[in-house]
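> First the structure, which I've put down as structure tokens, then a few questions once you've had a look.
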């Protein structure tokens, strides 16, 4: 067994969507579980990460987030932005004096990890998706460890640095109790911050068909679409209170669901696996490098999910597919068991193990 050193001062950094933020919070929680007096600083941008870090009891500092790549004038401005971001991140790191820094992707996580490398602070990255983003592909060259959710079959990271850990899932979701099969006919719809509208529109168009089939709905619409969706539900004679901009109690939502209709971000994939939830996955077609499709194929190949191309998403297709699956309790049970085989309940623990080893080597 490799030597390890308990972490007492950690910086986690990322920004943008919950798919980046929640794994970072899970790792911070695991560090604090092992060392309750550990100090953790979250460096992020101006998105939801500040609110979520505060809710988790973490100190937070905002940094500018700018793209790593660009051309022409945009590229020059991007370089200036990165240089400024590195300087600001370095100031935060000198003040906080972390033992290690870990980035979870996204532009907001680029400068702090690069600054850590320049300051010779042990640093690592975690890649959530099956196709790595530009930020982590660049940072992997200077990081001491690269943790991945999916196998790096394309060899885009330095092989000797890579550890497959899976993607950390929030503890309450990992502990959610789902019955293997029921007759409730409950469909959980998870629109997200990226591209929720096509899912929302398809559900609205299919609403009369879903109602006729006796399907119960719980619908996360995304904040921008909540009012429109609620109004449409009311006009259709459905209960508008089942539509929410954001569902706070996701553990309860997964426990309620017999079937989930959603995108295929890495955090969603591993939440479905952790809860054993059968799903219809509609990959976001504009995702970088089409990574959501590749993510979805992992569950589809196991028989844990049905992959539905957005171009084929229609009211009739959605209603027939959802009702057909909800009519087949045996298939839902089989899909749920298959999903659980992909779960990695120890993901956060394995990442912290790796960080402790990295600190011991420093």
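Here the Cβ of each residue, glycine as well, is placed from N, Cα and C on the backbone.
According to TrEMBL:
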type	residues	note
BINDING	17, 18, 19, 129, 170, 193, 247, 292	UDP-N-acetyl-alpha-D-glucosamine binding site
DOMAIN	11-147	domain 'Glycosyltransferase family 28 N-terminal'
DOMAIN	187-350	domain 'Glycosyl transferase family 28 C-terminal'
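Looking at the shown structure, what environment does each listed feature sit in?
A sphere of 10 angstroms centred on the C-beta of residue 129 (UDP-N-acetyl-alpha-D-glucosamine binding site) encloses 26 other C-beta atoms. Under the DSSP three-state reduction, residue 129 (UDP-N-acetyl-alpha-D-glucosamine binding site) is assigned to coil, being neither helix nor strand.
Helix, strand and coil counts from DSSP across the domain 'Glycosyltransferase family 28 N-terminal' (11-147) read 67 helix, 25 strand, 45 coil.
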> Give the three-state DSSP assignment (helix, strand or coil) for residue 247 (UDP-N-acetyl-alpha-D-glucosamine binding site).
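In three-state terms, residue 247 (UDP-N-acetyl-alpha-D-glucosamine binding site) counts as coil.
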> My understanding is the cutoff is Cβ-Cβ under 8 Å with a sequence separation of 6 or more in the same chain; which residues meet that for residue 292 (UDP-N-acetyl-alpha-D-glucosamine binding site)?
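Residue 292 (UDP-N-acetyl-alpha-D-glucosamine binding site) has long-range Cβ partners 129, 263, 264, 265, 283, 284.
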> I'd like the number of other C-beta atoms within 10 A of the C-beta of residue 17 (UDP-N-acetyl-alpha-D-glucosamine binding site), please.
18
> Quiz question: given the binding-site residues 18, 19, which has the greatest number of C-beta atoms lying within 10 angstroms of its own C-beta?
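Checking each of 18, 19, the winner is 19.
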